[in-house]
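Peer 1: Here it is, the structure in full.
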Amino acid sequence: MILSLAAVTAMSSGGGSSLNSSALDPFDSSTSWSLAEDPSNSSSEPVVRTLTPDLQPASSAVAVQDVSPWDVALCVTGTLISCENALVIAVLFYTPTLRAPMFILIGSLAVADLLAGLGLILNFVFTYLVDNSLEYVTLLSVALLISAFSASVLNILAITVDRYLSLYNALTYHTERTVTFTYVMVGLIWVLSLTFGLLPAFGWNCLKDESSCSICRPVTKINAVALAVTFLLVFALMMQLYLQICKIAFRHAQQIAVQHQFVAISTHKGVSTLSAILCAFGACWLPFAMYSIVADSSYPAIYTYATVLPATCCSVINPIIYAFRNPDIQKSLWLACCGCVPSNLSLRPRTSSDV
């Protein structure tokens, strides 16, 4: 999906010009010239020689498409994303104690990021190893990438809502927040994400009208703007929720006078963590969302690559923020790797402000 329009255009223009020039240039090193006798002349007449080009077989070889370093970087990023999130999914799957609603959301986020990583790898394969002119190949690639990244963003929003509710309704959270409710919410997230991904297959594509393409073929400009605006709304909602979380955390710190020093330190650490999460999320996705709104397929491809790559890096950061920092997941990882748990590993329950 990513920049396939630019790649095809560059190959067609560059490859075609080189073929025409080599066919017409008499000084091309791949063309040898020889004197051949005209067969219409008889042996009694003077021999008339004509100059005819003798093309070597090497000149008919099909030009190989150059591999873009940006596509290689995206493929490497996709591989790293897949490895990280596959590890998270394995830990959650093989640890029966990690079945709380929080871990269900983390697992759903890991599945979304895993599919996003696989989508980046498949996009590289479809671009350079498979005939990407086939419509179903292009639509399959774009459906997987849009669905996976949409699910990733929505799962991050769901985790933010979960953290907010655990502070806002601290006394009733564990009784109201059931596993069934969490599974229903995860199901809605994936239905909505699959709907976004299948829009190009339902006709919202620019395969028959290249002028209506966005920066990511075959997504139309209208579709790309709609997805970007949806992301901006999600980001604005996350900012509001994180501000509310910070206010609640500071209020709790002021209300508990006995543990004032401990809670103040914990609260400041939690606020710093939340700020880092929000800044990382915005830095990864905001450039691509804003560029999708203002740009189209006529813009230079390098600008698209420069905004897509940071967006994909968000899926590299997610396992570190939401999974590997959790003490329960850390304990499972240590047990799986070396069969022991370090003595300095904190196993206290992680509060919402820590996440």
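Placed from the backbone N, Cα and C atoms, the Cβ positions cover glycine too.
What TrEMBL lists as domain 'G-protein coupled receptors family 1 profile' is 84-322. Here TrEMBL flags 70-95, 102-130, 136-159, 180-202, 222-243, 271-290, 302-324 as transmembrane segment.
Show me how these features fit into the shown structure, please.
Peer 2: Tertiary proximity for the transmembrane segment (70-95) is limited to same-chain residues at least six positions away from its ends with a CB under 8 Å from its CB atoms, namely 2-3, 7, 103, 106-107, 110-111, 113-114, 116-121, 123-124, 127-128, 302, 305, 308-309, 312-313, 315-316, 318-320, 323-324, 328-329, 332-333, 336.
Sequence-distant contacts of the transmembrane segment (102-130), counting only residues of its own chain at least 6 positions beyond either end whose CB sits under 8 Å from a CB of the stretch, comprise 1-2, 4, 7, 65, 67, 71-72, 74-75, 77-86, 88-89, 92-93, 137-138, 140-141, 144-145, 147-149, 151-152, 155-156, 158-159, 162, 179, 182-183, 186, 189-190, 193, 312, 315, 318-319, 322-323, 326, 328-329.
Through the fold, the transmembrane segment (222-243) approaches residues 146, 150, 153-154, 156-157, 160-161, 163-164, 196, 199-200, 204, 212, 214-216, 274-275, 277-278, 281-282, 285-286, 288-290, 292-293 of its own chain, all at least 6 residues removed from its boundaries and within a Cβ separation under 8 Å.
Residues 2-3, 6, 68, 70, 73-74, 77-78, 80-81, 84-85, 87-88, 91, 106, 109-110, 113, 116-117, 120, 149, 152, 156, 159, 215-216, 276-277, 280-281, 283-285, 287-288, 291, 295, 330, 333, 355 of the same chain, all 6+ positions outside the transmembrane segment (302-324), place their C-beta atoms under 8 angstroms from a C-beta of that stretch.
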Peer 1: Where else in the chain does the transmembrane segment (271-290) make close Cβ contacts, counting only residues six or more beyond its ends and a cut-off under 8 Å?
Peer 2: 153, 156, 228, 231-232, 235, 238-239, 242, 245-246, 249-250, 306-308, 310-311, 313-314, 317, 321, 353-355
Peer 1: Give the mean pLDDT for the domain 'G-protein coupled receptors family 1 profile' (84-322) on the 0 to 100 scale.
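Peer 2: Mean per-residue confidence for the domain 'G-protein coupled receptors family 1 profile' (84-322): 87 out of 100.
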